[in-house]
Amino acid sequence: MTAATEARPVTRASHPLRKTRLLRRLTPYLLALPLLGFIAAFTYVPIASSLNLSFREWDFLSPTKPWVGLDNYRLLLDSREFWNAMKVTAIFAVISVPIRLALALLIATRLMSETWVSRLMRGALFLPSVTSTVAIAVVFSWVFSTDYGMMNAILGWFGLGKVYWMQDPQIALWVLIFVNSWKQLGYDIIIYLAGLQAIPTELYDAASVDGGRKFHVFRRVTVPLVMPTTYFLLVISVIEAFQVFTIVDVMTKGGPAGATDMIVNMLYRVGFTLFDIGQGSALAVILFILLIALAVFKSRVLGRKVHYES
Amino acid sequence: MKADNPLLAVLALAAGLLFLSPVLYSIWMSFQTVDAYYTGTVDFTLENYQAAIGQYNFARYLLNSVIVSGAVTLIGLAVATMAAFAFARYDFPGGNVMFGATVATLMIPSHITLIPNYLTLAKAGLLDSYAGLILPAISNGFAAFFLRQYIRGIPRALDEAAYMDGANALQVLWRVIVPIAKPAILSMGLYIFISEWNNYIWPLVAIGREDMYTLQVGLARLYRVNPGEDVIDWPLVMAASTITILPVLLGFLLVERHLVRGIMMGAVK
């Protein structure tokens with residue numbers, strides 16, 4: 001019996017050394033165990049305990065955690081704060097995602113060639129998506145600061161007055177959308193480039209032979225053929241928008257007057273500054289259900305249509 | 001776009017510079033004195049870096065970030081590679097369930113685990129410790145999922161030849177699979193390192209002691225120390241921000257290709 005068959009230990013039954021055989025049978029379990037231990041301890045058990053805590057009332061300190069049924073959910077769904085956070089998050093997603101994707105696709109079609117200019121541009125555009133979000137938020141806090149910021153300085157050159165970018169409830173969310181788009185654009189472009197490379201060039205040639213103008217070719221050939229990529233990015237970006245926290249925490253803390261209070265920001269506030277574990281957990285469970293639904297939608301609808309492996 | 005057209009090339013470069021101008025200017029600003037910044041003159045200095053590293057303890061935060069991100073990357077890669085090997089090469093009872101549980105972590109938003117993990121670590125006395133920052137971050141199935149796909153593409157004949165020579169499973173993994181899967185493992189390592197380097201919410205939750213801050217938390221706190229906008233020492237804050245960005249930036253310039261591939265792999269998520 002060769003050791004090679006041990007790769008499928010269940011198929012062969014006889015081995016002279018029973019002890020080694022047992023060890024070999026156990027091999028895959030031993031190999032997978034460390035990762036599964038971590039996943040169980042820090043992902044699956046916590047999901048169950050979030051669910052459990054969401055039915056209880058607790059403040060981190062008191063010795064008892066009385067069962068309160070659906071009260072935490074009821075309180076949340078009745079609160080203006082929750083619906084405000086949902087609204088802000090939805091606006092953020094609905095406005096930022098389509099604009100970003102359209103821009104990313106337009107730029108990606110121009111950066112297909114392997115010239116040094118387009119390589120450099122791809123690098124420059126991609127850089128923010130691997131850069132620290134905190135640092136980006138800090139830098140843009142300066143860009144949009146009222147008195148010494150870059151934006152108001154530029155407005156000043158044109159003789160325009162100061163804008164209170166982050167203090168005006170009408171504007172603050174747009175600033176966050178801008179910053180988040182600036183950071184994520186490069187990622188979208190890279191994914192679009194992968195999608196565009198999969199389109200056979202003959203299709204472009206055929207379209208241009210037919211006398212199609214550039215925009216026509218873009219609309220009739222490029223856009224429909226990268227649709228799977230677009231769906232993929234759309235769902236990914238909406239999921240990501242529902243988890244935005246860092247730029248909110250650093251730039252606005254959810255203010256002014258709740259104008260930028262997105263869901264995870266509310267979760268952090270309720271759980272870790274108000275120490276309302278029950279409601280914080282209920283909020284986490286609602287977010288979880290929403291995002292799982294989106295993820296299931298993604299894998300059901302998109303299935304294996306979008307697949308990048310280099 | 002053709003690079004031979006110099007006009008287009010110049011325009012593209014200008015657009016790229018404009019796009020990155022906030023970050024480029026923040027780096028420039030970090031080398032200016034406060035007075036020069038507020039009066040709009042030019043006066044180079046390293047005092048912002050000296051203050052950030054010394055007085056404001058960013059040397060310590062840098063060390064903490066390196067330790068945490070480094071440990072998460074090494075431990076994460078080790079457990080992921082072993083699990084990926086098991087999932088790719090063995091057909092064992094419960095294997096599919098385990099693999100399913102691993103893949104499912106890709107769609108689970110990490111925020112659901114925030115409060116319970118905080119409670120677990122508090123009970124274990126691991127808040128304000130490296131272990132508290134490192135352990136929860138290992139609970140991520142992405143690297144295992146990706147490496148499993150990669151390992152399945154390696155011909156089994158190579159394993160079997162090694163088994164014939166009397167190697168055991170660990171030796172096959174280490175001497176046959178790992179060397180071949182090296183590019184994939186490296187890309188994953190970069191991906192994990194950068195994600196962990198930039199992680200903010202978990203260190204924010206798990207760390208209260210100032211000397212355990214990572215760079216991200218330290219930078220956010222430094223900026224927030226004086227919320228009154230006009231008294232912010234921007235050149236100092238930008239020096240701290242540059243320290244936070246620089247390691248990843250340098251790494252990016254060195255291995256851009258690997259990184260882009262890692263991110264594209266991330267797209268299967």
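Every residue gets a Cβ built from N, Cα and C, even glycine.
The domain 'ABC transmembrane type-1' annotation in TrEMBL covers B:62-255.
Look at TrEMBL and you will find B:60-85 (among others) tagged as transmembrane segment.
For the transmembrane segment (B:97-118), the residues of the chain that approach it from at least six positions outside its boundaries are 83, 87, 127, 136, 139-142, 144-145, 148, 201-202, 205-206, 269, judged by C-beta separation under 8 angstroms. Per TrEMBL, transmembrane segment is recorded for B:97-118 (among others).
Sequence-distant contacts of the transmembrane segment (B:130-151) (same chain, six or more residues past either end, CB-CB distance under 8 Å): 64, 67-68, 71-72, 75-77, 79-81, 83-85, 87-89, 99, 101-106, 113, 117, 121, 177, 181, 184-185, 188, 191-192, 196, 199, 202-203, 206-207, 212, 214, 265-266, 268-269. For B:130-151 (among others), the entry in TrEMBL reads transmembrane segment.
The feature transmembrane segment is assigned by TrEMBL to B:172-194 (among others).
Taken from TrEMBL, the feature transmembrane segment applies to B:234-255 (among others).
Tertiary proximity for the transmembrane segment (B:234-255) is limited to same-chain residues at least six positions away from its ends with a CB under 8 Å from its CB atoms, namely 23, 26-27, 29-34, 37, 48-49, 51-53, 56, 58, 62, 66, 190, 193-194, 197-198, 215-216, 218-219, 222-223.
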